[in-house]
């Protein structure tokens, strides 16, 4: 994608523009914009977003050693496969980086996403066998593990203290030169789908950098937006928010629209643009191109399923994909509200009424809702627990989707941060993690009582988790999931007091205001537990009907069923 030029009056230079439209503003930065940008940098420093020179050099040294390992290994494999010495001497091989490190926005202690590129005679099986064994021989490499059956196969390890996720791609080339450029679509010819997926991260990252007018302004703005998203609890592709590449593309589009602006201005314009964006109109950094390689691409004109994507942000490298297919109705609503709040805060900052630190203040999630679901995952050993919580977390968006489809639920807001289980709520020898989902119920007109049953929503989620665990032979004795409804005033039973105590007046968002009366007409209690399926006992416990002293029209009926199919409580209100 080349920069495009617009026609100008005779005698003037044509004005370049980037992306699929012309710029909104070409205004150069003022002195005060530079001052605000310096203040923005100062406000980010306490959060460890910048590495010092020593740490940067350490990363470069580690990547240099890893690149040499790759070249040595490919030469060894070439010799074993009887290539002539003249070919072995120039067979090459190279490590490419992608993600936050390649974009230049990684934080202190962050891992490095990397790709090993090999010529056509080196097989994927060689990478996961002989290269894996070669890495094992080096004392500087720790925690080495291969995940060969992943959607994008990967070798993970720590190299001299730096975590690295290393992918593999085999190109249809005799040799891999040091100056190889992965941006050209022709390199995808005759590759299997796993190699195409592995190359995608590098190709997208390189294309983003190519499509922004000023890389340094882009990087500083992206650092600020990523920090803001993490602090506000909306940074997680897995849970239905946005991941790193999606935030990068939104920032890149902002840079295209304001090509001469510095970071302080760009942060403000970011919130301005995306608080007013009319989703599901897609965000595109360039017009999609068809390379005639017959690979599936995002195109709602052709693919009916693409029409249901709520917040499409389209990767700029072929084959173009939507990086936000996990976004749900709730997560889009939450992010849209955060864009509006970010705009109001940056308005204040640029008017001199607030400091940049206000932008990075976290929300008080545990004061925001009247109802929560506590999702607990536990296992009997630390190793099993790490495996188990990885699977459970990857499926939480299934639970959020189930809750959203319930006719009585307006919004289900999952907090991306997990918390250790409190001693009061777990067995002494169990390893426990908890996630919290804030719930807003719809106001039902002219209803004296409402029956709400979330059993199916929860049961469907636990079925999904256990089915996946069985399919990959992960399920072990002691692995459990429990989902419990609690009110805000009960959160202290699960969390330390500093997280649940009321701090200052919490801003009530528009969708929260519209559902504010939900607590006046509904009382909900339910609990669903699923344990590893050895237990076959079934028992039904019923509590007597109780009058609600505050409202004689509201009654409470609880029922608890304990079985191998789960534990549930129903409440009539």
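Note: Cβ is positioned from N, Cα and C throughout, glycine not excepted.
If you check TrEMBL, you get these features:
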DOMAIN    19-212  domain 'Poly(A) polymerase nucleotidyltransferase'
BINDING   98, 99, 100, 107, 111, 112, 113, 165, 226, 235, 244, 245  ATP binding site
BINDING   111, 113, 165  Mg(2+) 2 binding site
BINDING   111, 113  Mg(2+) 1 binding site
DOMAIN    217-361  domain 'Poly(A) polymerase central'
DOMAIN    364-430  domain 'Poly(A) polymerase RNA-binding'
Legend entry - Rounded Cα-Cα span from residue 165 (Mg(2+) 2 binding site) to residue 244 (ATP binding site), Å: 15
Inset, instruction - Check the Cα distances from residue 165 (Mg(2+) 2 binding site) to each of the binding-site residues 100, 111, 113, 226 and keep only the ones within 10 Å. - result: 111, 113
Inset, instruction - Tell me the Cβ neighbour count for residue 100 (ATP binding site), meaning other Cβ atoms within 10 Å of its Cβ, over all protein chains shown. - result: 22
Inset, instruction - Using the recorded Mg(2+) 2 site (111, 113, 165) as reference, state which further residues of the same chain have their Cβ within 8 Å of the centre of those residues' Cβ atoms, listed in sequence order. - result: 99, 101, 112, 114, 156, 163, 164, 166
Legend entry - Cβ atoms near residue 226 (ATP binding site) (within 10 Å, other residues, all chains): 23
Inset, instruction - Would you mind ranking the binding-site residues 111, 113, 165 by how many other Cβ atoms sit within 10 Å of each Cβ and giving me the lowest? - result: 111
Legend entry - Three-state composition of the domain 'Poly(A) polymerase RNA-binding' (364-430), taking helix and strand from DSSP: 30 helix, 17 strand, 20 coil
Legend entry - DSSP-assigned states of the domain 'Poly(A) polymerase central' (217-361) in counts, ordered helix, strand, coil: 74 helix, 6 strand, 65 coil
Inset, instruction - Within the domain 'Poly(A) polymerase central' (217-361) only, compute the mean pLDDT. - result: 96
Inset, instruction - For residue 244 (ATP binding site), just count the other CB atoms lying within 10 A of its CB, please. - result: 20
Inset, instruction - Using only the Cα atoms of 98, 99, 100, 107, 111, 112, 113, 165, 226, 235, 244, 245, which the record gives as binding ATP, return the largest interatomic distance in Å, rounded to a whole number. - result: 21
